[in-house]
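A.B. asks: Got a structure for you, written out below as structure tokens; questions coming shortly.
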Amino acid sequence: MGPINSSWFQPPTLLLTGIPGLEAVQIWISIPLCVMYLIALLGNCIILFVIKTTSSLHDPQYIFLSMLATTDVGLSLSTLPTVLSVFLLNHREIEFHSCLTQMFFIHTFSSMESAILLAMAFDRFVAIRNPLHYTVVLTSPRIMGMGIAAMVRAVVLMVPLPILLKRLSFCRDVILSHCYCYHPDVMKLACGPVRVNIIYGLSLVLCSFGVDSVFIAISYILILKTVLGIASEDGQLRALNTCISHIFTVCIFYVPLIVLALIHRFGTFTSPLLHVTMANLFLFLTPVLNPLVYSLKTKQIRSAVHKVLRARRNLLK
């Protein structure tokens, strides 16, 4: 489907984009993409299974980790159909309403992940600042309340996105910049007034990702202040060591998100290849690396995984 000059209320389909200039070898690119999806889905499902079946991992820290793994699975499943369709089958068309549905789930799971990262930062703050009251402050009802609040906030904030897009007229080229539907990318195709969409999109970013990142930064400022008050250097290192996995997860989530947002705002100054690269980093980096980071860095998770694998091998003998 090529560019269409006439105006219509809703295009029947949109065209997704793979990697510009590498269309001939996209079938080969699909192989590492399949591997990354397998790592993301299998790794996060293992984390969920291990935490569920190991009673010693029912502490608040690991319950929050299971929430993070759940959102990573949801994010991966939201994008898997179109990504593999583009790279494996070279099928680029996506129905308009399917695109809006995918966009809703991608942004919802991203917002949930941001809120859960904030909850995990609060968890680390309480564990270091008031270790004796850790289980008193972070009770099971409060943890579940945080998880439900993250989900409700994400759904409430993201529901208007597809509704606001459906009211627009589309009369430009129907080719998207990515292999999945992303709100700023779809909005650029509209030829009607998008002022409301832009204002709401900016407000959404500030109210979710912006607020979360500020409070995460405040949490770590307070954590650092507490750590510096610990008398022994060994105690300081032990305290900081419990935060390394979370700090790394925050970085791999927010850095591609911020760069991708800047690219869409100042896209005329960047190459299409940079668009695709950052979009795929945002898509794969967190779901793929999170289970690897926590499995390698957290001794309790690593021991539980080894125990499950040994039990599995014994059953197969």
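Using the three backbone atoms N, Cα and C, a Cβ is placed for every residue, glycine included.
Those TrEMBL annotations? Automatic predictions, nothing curated.
The following feature annotations were taken from TrEMBL:
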- 27-50: transmembrane segment (TRANSMEM)
- 43-294: domain 'G-protein coupled receptors family 1 profile' (DOMAIN)
- 62-84: transmembrane segment (TRANSMEM)
- 104-122: transmembrane segment (TRANSMEM)
- 143-165: transmembrane segment (TRANSMEM)
- 198-223: transmembrane segment (TRANSMEM)
- 244-267: transmembrane segment (TRANSMEM)
- 273-293: transmembrane segment (TRANSMEM)
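Each of these features: where is it, how hidden is it, and who are its neighbours?
C.D. replies: Within its own chain, the transmembrane segment (27-50) is flanked in space by residues 18-19, 57, 65-66, 69-70, 72-73, 76-77, 80, 83-84, 87-88, 90, 284, 287-288, 290-292, 294-295, 301, 304-305, 308, which lie at least six positions past its ends and keep a Cβ under 8 Å from the stretch.
Non-local neighbours of the transmembrane segment (198-223) in the same chain are 111, 114-115, 117-118, 121-122, 124-125, 128-129, 153-154, 157-158, 160-161, 164, 183-184, 187, 239, 243, 247, 250, 254, 257, 261; each lies 6+ residues outside the stretch with a CB under 8 Å from one of its CB atoms.
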